[in-house]
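A short write-up of the structure that comes next.
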Amino acid sequence: MVAMRGTLKGRDVISINDFSREEIDHILKVSDGIEKDLDSKFGLLSGKILSILFFEPSTRTRMSFESAMYELGGRCIDMGPTELTSVKKGETFSDTIKVISKYADVMVLRHPSDGAARYASEISDVPIINGGDGTGQHPTQTLLDLYTIKKESKLDGANIGILGDLKYGRTVHSLVYALSMYGIDMTFISPPDLSLPEEIKEDLDDKKISYEECDKIEEVIEDLDVLYVTRIQRERFPDILEYEKVSGSYKITKDILEGGVKEDLIILHPLPRTGEIDPDVDDTKYARYFLQTKYGVVVRMAILGLILGGFE
Amino acid sequence: MKREKLRVEPIKDGTVIDHIMSGQALNVLKVLKIKSPSEETVSMAMNVSSREMGKKDIVKVEDRRLEKGELNKIALIATNATINIVEEYDVVEKYRVSVPKFINGIIRCKNQNCITNMDEHVVTRFKVESKDPLSLRCVYCGSRTSSVEFL
Ligand SMILES: [Zn+2]
């Protein structure tokens with residue numbers, strides 16, 4: 001799908017890097033307008049259809065998009081689990097995209113391969129929203145992360161720590177690129193084997209963005225305005241003992257927070273969590289991860305509305 | 001001079017690619033998608049003495065005028081190659097190749113998880129971010145590479 005520059009109508013949402021800071025700010029502003037007056041937005045996308053193509057499961061991303069579409073009066077059609085469909089019968093990915101793009105006004109795609117969404121956007125008749133492809137990009141997650149940071153803390157001049165698996169975590173890669181458009185100090189906290197890929201660091205260096213890396217959260221937490229926690233997956237470790245040792249030392253607990261943090265620190269997590277944040281933290285004033293989920297629907301409403309021309 | 005002629009006969013019509021870095025002639029054919037058995041008459045000379053280059057390779061493709069876009073891909077592996085378009089034994093056009101802005105096909109993406117390595121219908125596409133030193137970025141997965149690996 002090829003759209004006119006300067007407007008978001010008809011645009012694909014493939015990578016956060018395809019958007020200028022002005023465009024991102026605009027999406028966040030529209031999101032804010034929706035959040036303030038949710039009820040008046042119903043019906044803006046009536047008659048519009050979102051098709052949902054998930055080649056790997058992600059219940060939350062799917063439900064968040066469905067919720068956003070229904071809130072605007074639109075409808076969704078879901079390809080369902082790929083095992084049951086023609087994909088398993090040997091249909092090529094490109095054929096699947098070509099066919100499904102005839103059924104709907106916009107499509108959200110999730111796929112295990114890097115670059116699948118970009119490719120789909122080249123052959124689809126309707127705009128494609130990347131719901132996560134491979135270890136690459138997950139732009140709607142990034143936009144909702146930015147929205148949460150903006151609403152609950154600040155974007156310009158904030159000191160943001162990103163903790164966990166920074167090597168394979170796709171939400172992290174998207175987020176780092178987005179934050180690099182704002183005047184933000186970034187601190188990357190991870191086990192040495194799961195640090196941010198060299199390639200992304202080179203891109204930051206090219207943009208003259210300074211950042212810090214460390215492997216102990218205790219050393220940096222007191223300076224942070226935002227702590228973004230991600231999952232460390234067991235599959236990344238050859239043996240369970242090593243995994244338990246590592247994941248244990250990257251766990252956020254009440255004890256760590258009582259060791260001294262900024263008054264207005266906020267803690268985010270893309271969810272689902274598997275133990276990186278102790279449930280005791282949920283009741284503290286720092287926790288914002290459930291709110292983040294709620295903002296996700298608002299931001300996806302903004303994206304769908306802008307792409308389909310429901311909002312300017 | 002006479003010996004040189006024996007090695008690389010002049011052609012009547014077609015394309016002569018000269019000043020190919022020694023050892024790259026076969027890769028040049030690969031880039032041009034000239035495979036055996038080919039429709040064209042192709043002759044190659046390898047390790048020819050050259051005043052400027054020491055040793056060089058030469059490729060001649062008869063009765064085919066190769067397109068500039070196609071030929072520029074050669075610059076990826078042979079920066080200094082010169083192209084001579086021959087008509088009726090005369091060189092009617094001569095130029096040096098230059099690296100194009102985008103390269104479609106021919107190169108493999110090194111990222112194993114890239115969609116271009118998953119679905120054979122997806123043609124690879126790289127943006128040339130820097131010519132010297134060479135730096136390419138996969139349009140699909142975004143990964144960067146500085147050395148080319150042919151498909
Ligand atoms: Zn690639």
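Just so you know, the numbers here start at 1 and follow the chain as drawn.
Note: Cβ is positioned from N, Cα and C throughout, glycine not excepted.
Copied from TrEMBL, the annotated features are:
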type    : residues                               : note
BINDING : B:CYS109, B:CYS114, B:CYS138, B:CYS141 : Zn(2+) binding site
DOMAIN  : B:6-97                                 : domain 'Aspartate carbamoyltransferase regulatory subunit N-terminal'
DOMAIN  : B:103-146                              : domain 'Aspartate carbamoyltransferase regulatory subunit C-terminal'
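Here the features listed in TrEMBL are painted onto the structure.
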residue: B:CYS109; record: Zn(2+) binding site; Cβ neighbours (10 Å): 26
residue: B:CYS114; record: Zn(2+) binding site; Cβ neighbours (10 Å): 25
residue: B:CYS138; record: Zn(2+) binding site; Cβ neighbours (10 Å): 24
residue: B:CYS141; record: Zn(2+) binding site; Cβ neighbours (10 Å): 25
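For the domain 'Aspartate carbamoyltransferase regulatory subunit C-terminal' (B:103-146), the residues of the chain that approach it from at least six positions outside its boundaries are 30-31, 33, 73, 76, 79, judged by C-beta separation under 8 angstroms. Taking H, G and I as helix, E and B as strand and the rest as coil, DSSP gives the domain 'Aspartate carbamoyltransferase regulatory subunit N-terminal' (B:6-97) the counts 18 helix, 39 strand, 35 coil.
Per-residue confidence over the domain 'Aspartate carbamoyltransferase regulatory subunit C-terminal' (B:103-146) averages 90 (mean pLDDT, predicted model). Residue counts for the domain 'Aspartate carbamoyltransferase regulatory subunit C-terminal' (B:103-146) under DSSP, helix first, then strand, then coil, are 3 helix, 18 strand, 23 coil.
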